[in-house]
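Now, the feature entries from TrEMBL:
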- 28-51: transmembrane segment (TRANSMEM)
- 96-121: transmembrane segment (TRANSMEM)
- 133-155: transmembrane segment (TRANSMEM)
- 167-191: transmembrane segment (TRANSMEM)
- 197-219: transmembrane segment (TRANSMEM)
- 254-276: transmembrane segment (TRANSMEM)
- 288-314: transmembrane segment (TRANSMEM)
- 326-346: transmembrane segment (TRANSMEM)
- 358-380: transmembrane segment (TRANSMEM)
């Protein structure tokens, strides 16, 4: 005899009993979004105020100086960001690594956007592993993005070894992810854990890297080099770099880098708690609308913070803004990783070598990818800002 009874629940709603709305739609979740939103408004206001006030004041001063005779101009106080106009578009140090990081960051951003949109439309949480396979597929498909941004930036910075740059750009993220996965895999095999990745899967991933990611990256690189690879800077670059003057300790790039990540981390850290919980504690994450909002907020906060940091740096007559803007945005990842330590010791009940290495290994990958993404977003925004302020300056 069969004991099947008819269920009144429609098929598409059957998964809902595994979801935990009281957890994800908790008041704190809404509150954190609102909080971050207020921060965005404040920061955007701050950046537009900096732009309006300082630039208008500076432009007024500079155009007044045009009218002075040479004697006055020699005595006049020339200072601030206009001083470094001959060095600000100098190629960054280590342009090969820099452009590969920017390309990878743009690709991670594209992947995050597409995967979140797909997850909002399709219920990806209903099948195990569908999220991961979607992410891998989208990552492989968006490789031209990486090639385009990385390749064009490298060409603009006068890089010659573009094939090497393309290889580094293409394999930076896959090597990091696969390296960590292989390391954790050895421990998993030693413990006979079900989390061990089968050999066939490893071979498949390597094939995707060589036969999908690399060719698509090559296409992107060639497009990037040919379409936007010409250096078209608003200011001439001087032959001799000017010395960077002494400045207060808090204007040093290292300090700016450490401080830069605090606000972006503050805007996402409640969401990090929910993401970690769905990742490590059997809650099924399904509020992708929240995630989309948080991603948008993160981008705006990151760009605003790096623009403010860069403006202070250029005013201190330090023109090393490329790495500073990238790293001050990427330092968000350090705070996320530090938060993951807190989460591990106070929120999870994990122990033992396997669980610990599994947790911290994959958290390191997650944090690094997040950092590279934020860094690229920060650099792109700052680059547009720097071009904007130097385009309008009359330079004798």
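Glycine is treated like the rest: Cβ placed from N, Cα and C.
Proximity of distant same-chain residues to the transmembrane segment (167-191), defined by a Cβ-Cβ separation under 8 Å and at least 6 residues beyond the stretch ends, is recorded for 96-97, 99-101, 103-104, 107-108, 139, 143, 146-147, 150-151, 197, 202, 205-206, 209, 213-214, 217, 221, 353-354, 357-358, 361-362, 364-365, 368-369, 372. Recorded stretches compared: 96-121, 197-219, 288-314, 326-346, 358-380; the one with the most Cβ pairs under 8 Å to the transmembrane segment (254-276) is 326-346. The recorded stretches the transmembrane segment (358-380) and the transmembrane segment (96-121) share 3+ CB pairs below 8 A when only pairs 6 or more apart in sequence are counted, and are therefore in contact.
Panel annotation: around the transmembrane segment (326-346), residues 98, 101-102, 253, 256-262, 264-265, 268-269, 272-273, 276, 280, 302, 305-306, 309, 356, 359-360, 363-364, 366-368, 370-372, 374-379 of the same chain, lying at least six beyond its termini, place a Cβ under 8 Å from a Cβ of the stretch. Note on the transmembrane segment (288-314): residues 24, 29, 33, 36-37, 39-40, 43-44, 46-47, 50, 54, 80-81, 84, 88, 109, 112-113, 116-117, 119-120, 251, 253, 256, 259-260, 263-264, 267-268, 271, 274-275, 320-321, 324-325, 328-329, 332, 374, 377-382, 385-386 of its chain, located 6 or more positions outside it, place their CB under 8 angstroms from a CB of the stretch. Here the transmembrane segment (197-219) has Cβ contacts under 8 Å with residues 136, 139-141, 143-144, 146-147, 166-167, 169-171, 174, 178, 181-182, 185, 188 of the same chain, all six or more residues outside its ends.
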